[in-house]
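*Asks:* Dropping a structure here in structure tokens format, bear with me for questions.
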């Protein structure tokens, strides 16, 4: 690593630590020429392949900006969006692939967004999945209702089974 002070081509690593929830490594370095110390942060760079052939670095902020538009007027906080962005990035990094098609990023957003807010999910999915007709919306709404009723039935069963348990 080149020294930022004297531009010498080499440096010595004094200390390495995992940081940023395990997604980066912080290294403390020292230049053998000027003996000044500096810190570097290293992380795996994910590259996004867009439909038009352009490649660009993955940006969690760009994911959050795209989802924020779908969440306008909904009870979704900045903290909720930050967590969604983290979940999407973690899911993509877990695949262990450095180059990601942009379509996969959209698909990775859909699951966490569905859990966060169903209306925001419908808004995002309508653009991302290219809904063209009212039937497309109706099909997706029916799917969301089915999932919601399945969750309600499951939680009701859990409550009923807990009521059957003895108190002592």
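Keep in mind that glycine also has a Cβ here, set from the backbone N, Cα and C atoms.
Features from Swiss-Prot:
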- 46-136: domain 'ATP-cone' (DOMAIN)
- 145-168: region 'Disordered' (REGION)
- 3-34: zinc finger (ZN_FING)
*Asks:* By DSSP assignment, list the helix, strand and coil residue numbers for the zinc finger (3-34), in that order.
*Replies:* 0 helix, 15 strand, 17 coil
*Asks:* Under the DSSP assignment, what numbers of helix, strand and coil residues are found in the domain 'ATP-cone' (46-136)?
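*Replies:* Helix, strand and coil residues of the domain 'ATP-cone' (46-136) number 57 helix, 9 strand, 25 coil.
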